[in-house]
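K.L.:
Mind having a look at this structure? Questions to follow.
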Amino acid sequence: RYRGLTLVLTFLCYTSYHLSRKPISIVKSQLHPNCSALGPNPHNDSNSSTWCSWAPFDRDNYKELFGALDNAFLVAYAIGMFISGIFGERLPLRYYLSGGMVLSGLFTALFGLGYFWDIHVLWYFIIMQVCNGLVQTTGWPAVVACVGNWFGKGKRGLIMGIWNSHTSVGNILGSLIAGAWVSSAWGLSFVVPGIIIAVMGIICFFFLVEYPEDVGCSPPMHHVSSTKKDPEAVTSTEGPLSISGQSDTDRSSSPKAPAEKPEAISFLGALRIPGVVEFSLCLLFAKLVSYTFLYWLPLYIVNVAHFGAKEAGDLSTLFDVGGILGGIFAGLISDYTGGRATTCCVMLVVAAPMLFLYNHVGQNGIGTSIAMLIVCGALVNGPYALITTAVSADLGTHESLKGNAKALSTVTAIIDGTGSVGAALGPLLAGLISPTGWNNVFYMLIAADVLACLLLARVVVKEVRGWCGFMARKRGYVRT
């Protein structure tokens, strides 16, 4: 019962995080719309073709300004993420998560209040983005650590693939909520999501249970202290979702006793866990692609397909629908094969030509556009979802840690923090490259996908060799 509550509550918490990040991509087309389509300029004192734009985004370099907004949030997020995991291991997760959500709601709402307060100073919006980026780093390490505290490794890929759909669900809801007010009062596109995440933070404070031991439940496999008599509880890297049959005597003297409570792992110690560096660098380029779509897809649809702001926002949600399917599919396949890296690599390889096709033929009809957006979303977000959830949790409870689960938040922060560097670079590069043509933006995204695949080559080779050795043993001989 508590495990299900934790899964649902953390799902809703991180859904609200992404719900509050999405409005900026929807509102961009309203901050600098096509004024000529609205008729003649009603202002007699100006002949500007940007009379309907919101200053300071009424300039010719508006794409660079939008890139600066995205970059302000994402650079702050990337820097803060490396620090956030360290705090997440040492502070009560319930306080840390709920406090971060309330502050995220505050800064999201303050960005939207710039509309009602008639603010036209670029630095105001950039400061709100920086503050929001810093406080939003409280989310991911905390929710992954909470789920990792309750779930062992059994079918972690499938469970976390389904659970990780909160990212896409949040993007979809954020697009729909922002789209409802984007044409009438775009400030509400930020204020309403800000209220939602703040309310979810309050709910999290009252109902989140951090550890199974807090309510008298048995911890999952990787939480069992190394002083237990059962060696499987220490060294196994595969196991059921929870341990059954633990006696009351064992439970009373276990992980909650101060003498046995493990210390949080150091930053360098987390980097030495096998696979952390490879998956972190892979996520850098995978997240670059995903976040470029997150922040620029609606504007791309407006410019290329000539849809309105609301229609483009609604259509862009199909990319996130594909992301839900891709995350579940990646988790299911990686559980079945045992090859997390190989699953990511195959999806990245297929994603590169699909991105090329979407850019060149994806706007040839609404049916084609819908189908290709879903496919691209699945292939782009599948590896991203797998690495940030199941892979992070696997590495955070790696066998080399000998049962110490105090690395979950730090490892998650390192992997997602490195990925967030790519998330910052993607929208920035898109803002700089898009004036030269959208084709060049897609070539950049394809190159990033290829690099992400290559960075996993060593881990993929290791997995393939493991499969070959397994098949050899099944046939009755062993390679030497």
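Using the three backbone atoms N, Cα and C, a Cβ is placed for every residue, glycine included.
Keep in mind that TrEMBL annotations are predicted by a computer and have not been checked by a curator.
Worth saying up front: this structure is predicted, and the values here are computed from it rather than measured.
I grabbed these lines from TrEMBL:
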type	residues	note
SIGNAL	1-20	signal peptide
DOMAIN	9-465	domain 'Major facilitator superfamily (MFS) profile'
TRANSMEM	65-88	transmembrane segment
TRANSMEM	95-117	transmembrane segment
TRANSMEM	123-151	transmembrane segment
TRANSMEM	163-182	transmembrane segment
TRANSMEM	188-209	transmembrane segment
REGION	222-259	region 'Disordered'
COMPBIAS	234-247	compositional bias 'Polar residues'
COMPBIAS	248-259	compositional bias 'Basic and acidic residues'
TRANSMEM	276-297	transmembrane segment
TRANSMEM	317-334	transmembrane segment
TRANSMEM	341-358	transmembrane segment
TRANSMEM	370-395	transmembrane segment
TRANSMEM	407-429	transmembrane segment
TRANSMEM	441-461	transmembrane segment
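Where in this structure would I find these features, and how exposed are they?
P.N.:
When Cβ-Cβ distances below 8 Å are used as the criterion, the signal peptide (1-20) is approached by residues 97, 101, 104-105, 108, 132, 136, 139-140, 143, 146-147, 150-151, 159, 163, 166-167, 169-171, 173-174, 177, 190, 193-194, 196-197, 200-201, 203-204, 207-209, 212, 215, 217, 241-242 of the same chain, each at least six residues removed from its ends.
Long-range contacts of the transmembrane segment (65-88) within its own chain (CB-CB distance under 8 A, at least 6 residues past either end) are made by residues 21, 24, 28, 31-32, 56-57, 59, 96, 122, 125-126, 129-138, 140-142, 145, 264, 267, 291, 295, 299, 409-414, 416-417, 420-421, 423-424, 427-428, 430-432.
Long-range contacts of the transmembrane segment (123-151) within its own chain (CB-CB distance under 8 A, at least 6 residues past either end) are made by residues 2-3, 6-7, 10, 13-14, 17, 20-21, 24, 68-70, 72-77, 79-81, 83-85, 88-89, 93, 96-97, 99-101, 103-104, 107-108, 110-111, 114, 159-160, 163, 208, 210-212, 219-220, 222-223, 241, 388-389, 392-393, 396-397, 405, 408-410, 412-413, 416-417.
If you look at the transmembrane segment (188-209), the same-chain residues 6 or more away from its ends with a CB under 8 A from one of its CBs are 2, 5-6, 9-10, 12-13, 16-17, 19-20, 22-23, 26-27, 93-95, 97-102, 104-113, 146, 174, 177-182, 215.
Remote same-chain partners of the transmembrane segment (276-297), defined as residues 6 or more beyond its termini with a Cβ less than 8 Å from a stretch Cβ, comprise 21-22, 24-25, 70, 74, 171, 270, 316, 319, 323, 341, 344, 348, 351, 355, 376-377, 380-381, 383-384, 387-388, 391-392, 395, 411, 414-416, 418-423, 425-427, 429-431, 434, 441, 445, 448-449, 451-453, 455-456, 458-459.
Counting same-chain residues at least six beyond the ends of the transmembrane segment (341-358), those with a Cβ under 8 angstroms from any Cβ of the stretch are 275, 278-279, 282, 286, 289, 326, 330, 333-334, 372-373, 375-376, 379-380, 382-383, 386-387, 442, 445-446, 449-450, 452-453, 456-457, 459-460, 462-464.
Distant neighbours of the transmembrane segment (370-395): 140, 144, 147-148, 151, 153, 156-157, 160-161, 163-164, 167-168, 237, 273, 275-276, 279, 282-283, 286-287, 289-290, 293, 315-316, 318-323, 325-327, 329-331, 334, 340, 343-345, 347-348, 350-351, 354-355, 357-358, 361-362, 408, 411-412, 415-416, 419, 449, 452; these residues of the same chain sit at least 6 beyond its ends, with a Cβ under 8 Å from one of its Cβ atoms.
Within the chain carrying the transmembrane segment (441-461), a Cβ under 8 angstroms from the stretch's Cβ atoms is held by residues 275, 278-279, 281-286, 288-289, 292, 296, 300, 339, 341-342, 344-345, 348-349, 351-352, 355-356, 358-359, 380, 383, 422, 426, 429-430, 433-434, all 6 or more beyond its ends.
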K.L.:
Of the stretches 95-117, 163-182, 407-429, which racks up the most C-beta pairs under 8 Å with the transmembrane segment (317-334)?
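P.N.:
Between the candidates 95-117, 163-182, 407-429, the best contact partner of the transmembrane segment (317-334) is 163-182.
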K.L.:
So which residues does the transmembrane segment (95-117) touch in its own chain, when a touch means Cβ under 8 Å and the partner is 6 or more beyond its ends?
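P.N.:
Hits for the transmembrane segment (95-117): 13, 16-17, 20, 23-24, 54, 87-88, 124-125, 128-129, 131-132, 135-139, 142-143, 146, 185-191, 193-202, 204-205, 208.
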K.L.:
Could you tell me what the rest of the chain brings near the transmembrane segment (163-182), counting residues at least six beyond its ends with Cβ under 8 Å?
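P.N.:
Same-chain residues near the transmembrane segment (163-182) but 6 or more away: 7, 10-12, 14-23, 25-27, 29-30, 147, 188-190, 192-193, 196, 294, 298, 309-310, 313-314, 316-317, 320-321, 323-324, 327-328, 331, 377, 381, 385, 388-389.
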K.L.:
How does the model score the domain 'Major facilitator superfamily (MFS) profile' (9-465) in terms of mean pLDDT?
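P.N.:
Averaged over the domain 'Major facilitator superfamily (MFS) profile' (9-465), per-residue pLDDT gives 80.
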